[in-house]
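Working notes for the structure below.
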Amino acid sequence: MIPICPVVSFTYVPSRLGEDAKMATGNYFGFTHSGAAAAAAAAQYSQQPASGVAYSHPTTVASYTVHQAPVAAHTVTAAYAPAAATVAVARPAPVAVAAAATAAAYGGYPTAHTATDYGYTQRQQEAPPPPPPATTQNYQDSYSYVRSTAPAVAYDSKQYYQQPTATAAAVAAAAQPQPSVAETYYQTAPKAGYSQGATQYTQAQQARQVTAIKPATPSPATTTFSIYPVSSTVQPVAAAATVVPSYTQSATYSTTAVTYSGTSYSGYEAAVYSAASSYYQQQQQQQKQAAAAAAAAAATAAWTGTTFTKKTPFQNKQLKPKQPPKPPQIHYCDVCKISCAGPQTYKEHLEGQKHKKKEAALKASQNTSSSNNSTRGTQNQLRCELCDVSCTGADAYAAHIRGAKHQKVVKLHTKLGKPIPSTEPNVVSQATSSTAASASKPTASPSSIGASNCTLNTSSIATSSVKGLSTTGNSSLNSTSNTKVSAIPTNMAAKKTSTPKINFVGGNKLQSTGNKTEDLKGIDCVKNTPAASAVQIPEVKQDAGSEPVTPASLAALQSDVQPVGHDYVEEVRNDEGKVIRFHCKLCECSFNDPNAKEMHLKGRRHRLQYKKKVNPDLQVEVKPSIRARKIQEEKMRKQMQKEEYWRRREEEERWRMEIRRYEEDMYWRRMEEEQHHWDDRRRMPDGGYPHGPPGPLGLLGVRPGMPPQPQGPAPLRRPDSSDDRYVMTKHATIYPTEEELQAVQKIVSITERALKLVSDSLSEHEKSKNKEGDDKKEGGKDRALKGVLRVGVLAKGLLLRGDRNVNLVLLCSEKPSKSLLSRIAENLPKQLAVISPEKYDIKCAVSEAAIILNSCVEPKMQVTITLTSPIIREENMREGDVTSGMVKDPPDVLDRQKCLDALAALRHAKWFQARANGLQSCVIIIRILRDLCQRVPTWSDFPSWAMELLVEKAISSASSPQSPGDALRRVFECISSGIILKGSPGLLDPCEKDPFDTLATMTDQQREDITSSAQFALRLLAFRQIHKVLGMDPLPQMNQRFNIHNNRKRRRDSDGVDGFEAEGKKDKKDYDNF
């Protein structure tokens, strides 16, 4: 509930009342001097019922409600305080009665006073009252003293409390009512009260407070009081008579039933006391004479049942005080460190491009400052927290402090009263953002605070625990660049303290304080009282990334670089002899800032010119050039690309193997499903039609009595033949197991990583050896080992079960030599120990130009690493060139043919991955033929590269994709046609520029034997004997109808020999070669 506190205006005019009443009204601020005097005054006025002294209350209501008070003030003669509400206004009217009722709210004064007894001293600090009982009325009043548009004279702002039992003493005696004035006042004033019944109050509830008013001496001045609404929380009591305050007639007081939880403003009271002292001393004599009459009137009115108060005439016209000039508002932008003239200018600045760019740059610097600092070397940076800039050295920081920009910001912050951090520099570490302290800067929207003093928003703090926060009418923050000011958060009760951005509004000093205001300027805006729990104001903590600079470290930073070449900087003067600029003859530059002279002499540009032109022995720090930095970045990028290439290659190889297994599984699944389908069709009557043989069609093309079916048979894929089943079964038996594949992948991956480390080791060794040589020659030299590649069956994916040997090719930048081979063999075990804890056996085979690596863990794998170089093939291609023989080979160069074979293996692997890997059934047939070459001696002379070319050409030349059985039959048909015989076109190597026959290593007899064996295998395929060609047992027949044995007397194949070779006994001539 917020009761109304109206603006009361007093005009002192002559009246027809007696001199005693005039003296009673002389107590301008209502300070009661003694209870007897107040009672006498009350008794005096209570004995004049016909003279119209008291106001008459319109209606006496036992229960009424407190309404929200409007902001508008009312001009009346006296302040009316209902007895039930017991809320005493800050006595803006002369209150000469009810001294006993109001003495508990403030310090009492003696009855007799002299002229010097009314000096107002500081009131004794009161202790916090104890918590009230259950039947105690609680008052929570909060006063906010801001600049008003009406007041001309300040008044006492202390809060006074009127006890319920003392209200009866404030009732005036019978007086003649004047309803015109009374009704005007009570109709405009809100009716406040309680919602309780009338039975809860005693007889004192019927009484009303009497404000005895006596016409005063005519005065042309009009005093206007601006009383602002207060917040009161009133709890009803069971019986008002039970709460009795205890007080004494002394300068101090103590209450036991009233709990005061408001905020005391002693500084404001001091200003008001000084304003009221002059008028109080003038009315000293009148107050002495009115004290006895007021005490008598209060004593008499306490037992009088009248409800009339005395009416006091007042002037009809009120003089309006002159309003002070409105202070200008200053809008400040923390990001750009500038102030704007008005809100429109400030709004346009926030929407401008300059502000947005600075804000974006600030956010970007917070995200990338740590990475940028790490790339700029290890130079320490000194940071100015006020301007939020970083300087590269102590001289630059000192120049910034003396500069106009910094001084302008300091002046602006001092004017606005903002905290100014210390000018001591902070060293910013490399991992710390340059804007480390910007996180605590204001980010809230601007808001104007139209107050003439410093005001803290402490509404969220219990006012009972905060006392002694005093403010002055004109106090400011006097801050300089050397003074540290702690930031005061506006919301102290919140868990997360934040400082909002505000608009600082200048204050005006009170018109009535006179010279006292100058004495109060030294009082701080916020004070902590020892009696109450003070609000702890947190200090701004420094960022964790920045550390204060000690004098020793600052001196070390300053002594890092000594200025040179003072004599070469000359002063340029004007006609008057005043120095207008400085000119450096070494650098051919000019500057007009005296602070920049010292920095220029220490700068890198000036020192380089000094070293070039004056002293070549001067030491200048070397910074990498842009070209060198780009070269280094290019090397790093290429290294990352190589690592990414090898990683992707491993993933592709793993994916390729998984795809092959998946395709085989899908093939077998599809084959079994279709085989079951055709078996079911064969068992059905009527040729396998589920609905009987097709009969005559009906009128609509549908057989009578049958559901409609699509016209024409559904296109079915050709089912796998028996040859396909045999080929896929054989392929499954020769495909490597999972353990073998994992072992191969493991040893190959470890070997590749170890060779990479060996290459790095050899490169570092070469750099250290050639460190004293020329930089250009060193930069252009390549690494000794350029890379390692997979070749052979490993790269082509043609591994068979039981294969333990894989091949790798190690490319060198120069021709591989025996010394290089031995160095690699020596370093490889060390690098293998770093990568894997397993043991490996390493042998150096000089004749094979290779290093053989054997694993010691089952399954034992062997890796053959062959050294080669592209230079060998390039020389081989220009053998007819005259200059080819001028380049001499190393004396211990490895075998040339082995290196050429390794290069050819690289080309073969690349061709196979591009042409044969994606061809259907090609890889499967090549595995079948490799197995045939290992089982049958006749086929062992067939070169693997020629066989791969033949299979790829046979399958790719078919008109349609071939199934495994058909593909194997087509390959045997090609060989049987005599394509490998002498005089045939042959098989040319597609990886060679010159025509080269891949079958050149075979003799004529070997060619004929393989052709004859292929023709015999083709005949076996024609008679469903493919299992003999594949070297496997016959598969069980899926259809029992076709599993009928012939009982003719023929020689059985169960004599213990291979069927493929046993058949050869019939015709000794054809099968001697198997």
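Heads up, the Cβ atoms here are built off N, Cα and C, so glycines get one too.
Residues LYS516, LYS818, LYS1049, LYS1068 are shown; Swiss-Prot lists N6-acetyllysine for one of them, LYS516. Between SER475, SER512, SER1054, the residue that has phosphoserine written against it in Swiss-Prot is SER1054. Following the DSSP three-state reduction, the secondary structure of LYS623 (SUMO2 cross-link) is coil. Counting Cβ atoms from all protein chains shown, LYS623 (SUMO2 cross-link) has 10 others lying within 10 Å of its own Cβ.
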